[in-house]
Amino acid sequence: MTLKVAVQMDPIARINIRGDSTFALLLEAQARGHAISYFTPDKLSLRGNDVVASVQSLKVRDQEGDHFTLGEPARVDMRSYDVVLLRQDPPFDLAYITSTHLLERIHPATLVVNNPASVRNAPEKLFVMDFTELMPPTLISRDKDEINAFRAEHGAVVMKPLHGHGGAAVFRVLPQDINFGSLYDMFAVTFREPWVIQRFLPEVKHGDKRIILVDGEFAGAVNRVPAEDDLRSNMVRGGAAAATELSPREREICATLGPKLRERGLLFVGIDVIDGYLTEINVTSPTGIRAVARLGGPDIAAKIWDVIEAKRA
């Protein structure tokens, strides 16, 4: 089976191919003989009822510094593709949301992965609140009195922006923290939406587990251990990747989430688990494929394409 595939992503020249999951998906698609086109979100347009984009044919190579070749730009009706990979990174802003509205117009006749309507309606730090029984105590708010009441009840907390990503602007706030007032003011000026305040989990020092689900089924995992002098375990922030197995509790979390993800068309999802607590459900542009493979884990890119091909058969 040869599929016509388009990928909407950030500029390919800027990606770090060693850790980039989109690149892993493209390598696998190319190995299977699929025809790949590339475009950035700013090249997507709605002309009357037609969703079009200025795309370029794409060839990829697993060679740092020489990892891609692009063809000449061409304007294409997006309905002509079998599959579109929605893979640009957050911020989950109005530009991102608009692209999901446009791609929703071609789905499911053209299979968009992940389902753009579900991506739009499942922001990582809000969608997870559908599963509070699996989470640490969590508050979504920008009300100072509400936040202080939560801190008084739960002690040390983590405070982070609702639509942040990659570990940016994540802070631990101690029970009697003299910096809280300044931090509150900074967040109030910087972020218009509410923020996430979550009970601090000390076991994060032993790792924040990224678990990948493909079409609702467990596909692989990596434990991300923070640097000694940092709270954040994100690999882009210096976290170290380590091989791992799932605990019974983590398997229970996967079993609970799986059917909900599948029914929403969220085919490729990364969840974050600390000390048996679910903290985030990443649906926009999940990462971890290459780290899992590098540590001897399963070939998740192959699993994803197996599912995509089955849906297109």
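The backbone N, Cα and C atoms fix where each Cβ goes, and this holds for glycine too.
Database features, via Swiss-Prot:
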{"type": "BINDING", "residues": "151-207", "note": "ATP binding site"}
{"type": "BINDING", "residues": "Glu280, Asn282", "note": "Mg(2+) binding site"}
{"type": "DOMAIN", "residues": "125-309", "note": "domain 'ATP-grasp'"}
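Structural mapping of features recorded in Swiss-Prot.
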residue : record              : DSSP class
Arg151  : ATP binding site    : helix
Met159  : ATP binding site    : strand
Gly167  : ATP binding site    : coil
Pro175  : ATP binding site    : coil
Leu183  : ATP binding site    : helix
Phe191  : ATP binding site    : coil
Arg199  : ATP binding site    : strand
Gly207  : ATP binding site    : coil
Glu280  : Mg(2+) binding site : strand
Between Glu280 (Mg(2+) binding site) and Met159 (ATP binding site): CA-CA distance (Å): 14
Cα distance (Å, whole number) from Asn282 (Mg(2+) binding site) to Arg151 (ATP binding site): 26
Between Asn282 (Mg(2+) binding site) and Leu183 (ATP binding site): CA-CA distance (Å): 26
Least Cβ-crowded entry, counting other Cβ within 10 Å, from the binding-site residues listed as Met159, Leu183: Leu183
Cβ contacts of Pro175 (ATP binding site) (under 8 Å, same chain, 6 or more positions away): Arg151, Gly155, Ala156
For Arg199 (ATP binding site), the number of other Cβ atoms found within 10 Å of its own Cβ: 18
Asn282 (Mg(2+) binding site) versus binding-site residues Gly167, Phe191, Arg199, Gly207 - nearest by Cα: Gly167
Rounded inter-Cα distance in Å - Gly167 (ATP binding site), Glu280 (Mg(2+) binding site): 12
